[in-house]
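Asks: Supplied in structure tokens, the structure appears directly below.
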Amino acid sequence: MSRILSHAKKNYRKAIVIESLLLVVFYLLIYGWQRQSAVDFSYGFLSAFLPFCTFIFIIFYRKQNFSTKLTALYRAEAIKFILTMVFIIIAIKWLFVINFIAFFVGFLLALVLNNIIPLILNKI
């Protein structure tokens with residue numbers, strides 16, 4: 001079982017690196033077109049990406065017994081959901097998102113990448 005978990009941990013570490021690089025690439029591409037849209041896109045992307053990173057940390061990098069793994073999974077998912085809501089509220093209320101379309105495109109793209117990249121890495 002530990003071999004499977006270590007393989008999954010390695011795949012998620014790669015997924016986080018790939019997704020971080022994609023954030024930078026997308027930001028630079030959009031920045032060349034319109035600066036404020038690039039910032040709003042990044043806020044949306046980070047609103048989904050940072051809770052995903054927190055989820056991965058709680059599941060794979062905290063010491064816990066095997067019997068409490070399922071409880072940790074549910075707890076991590078709840079924390080991820082709450083953090084996502086907090087980041088969206090912060091972005092809209094205090095960071096003054098102007099282009100909501102760019103914000104939610106970044107958010108949805110991060111959600112898709114959070115699911116697709118680990119699946120692709122698992123197939124390789």
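Note: Cβ is positioned from N, Cα and C throughout, glycine not excepted.
The shown structure was predicted, so the numbers you read here are calculated from the model rather than taken from an experiment.
The transmembrane segment annotation in Swiss-Prot covers 14-34, 41-61, 85-105 and is backed by sequence analysis.
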Asks: Quickly jot the same-chain residues contacting the transmembrane segment (41-61) by Cβ under 8 Å, restricted to those at least six beyond its ends, or write none.
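Replies: Residues packing against the transmembrane segment (41-61) from afar: 5, 8-9, 12, 16, 19-20, 23, 26-27, 30, 69, 72-73, 75-77, 79-81, 83-84, 87-88, 91, 95, 97, 99, 102-111, 114.
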Asks: Checking distant contacts: for the transmembrane segment (14-34), what same-chain residues at least six beyond its ends satisfy Cβ-Cβ under 8 A?
Replies: 41-42, 45-46, 49, 52-53, 56, 99, 102, 106, 109-110, 113-114, 117-118, 121
